[in-house]
């Protein structure tokens, strides 16, 4: 199952859009791409939003039809993650699981916090730097529960099935064995990455502990079930999420004509990034 990207506009601009295509036709990375690449063997599809070591805060947009990847904004300005020493940009390939939804109408019984109204976040820890819009096949290793401004924001830890280390990584304890320090650094990064923007340190549920593969699979199942309710029009409140899709004929927003109306590719050279984004921030007590 091969996916390609359709870029419109220049990276680092408000007009930048990356749509996902299958066989030349636009599909929604939120709704159309299957969660499972191989359900029997528990192999999942991950949509990459942000390549490792980059700063632009790219995300699958919930509001626009066919859910292209765009750069997030705040007060009309493009958002970038700051460099928190010793890290540069995002610490991992960062993306989302399609066909999942962290329901903002439901509080998780253990975190006591409501979902963040997004697809599940995914951290791919393999050796290769991914690209925006790439659809990777991954195996699940564990999960961290970030409490982001009072909302449950799960971070599923995965590795590309084609990574050389993939055969050795089967659960969360294998990560510490083969990639010592990675989980500690991941915890640190998520705790401090908003501090340069004047926000407080993020908190974790479970005292920052990474839960195992089984726990992560349960979270994925719950969020997939929530998504099923969403696209069926049965969610308590859909929060104005665009449900338009081109493959789910039984859903409330099956709309292949919307996909067909997406403009042709028009990639432009990257716009320059303000030099201030290169700055390193040194945060007391982060090491």
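Don't overthink the numbers, they just go from 1 along the chain as shown.
Cβ coordinates are placed from backbone N, Cα and C, and glycine is handled just like the others.
What you see is a predicted model, and the numbers here were worked out from it, not measured in a lab.
For the Mg(2+) 1 site, Swiss-Prot gives 116, 121; the one candidate out of 153, 160 that the record lists there too is 153. For the pair residue 79 (diphosphate binding site) and residue 116 (Mg(2+) 1 binding site), the Cα-Cα distance reads 18 Å. Sequence-ordered, the extra residues of this chain that approach the Mg(2+) 1 site, with Cβ no more than 8 Å from the Cβ center of 116, 121, 153, are 102, 115, 118, 120, 146, 148, 151, 152, 154, 155.
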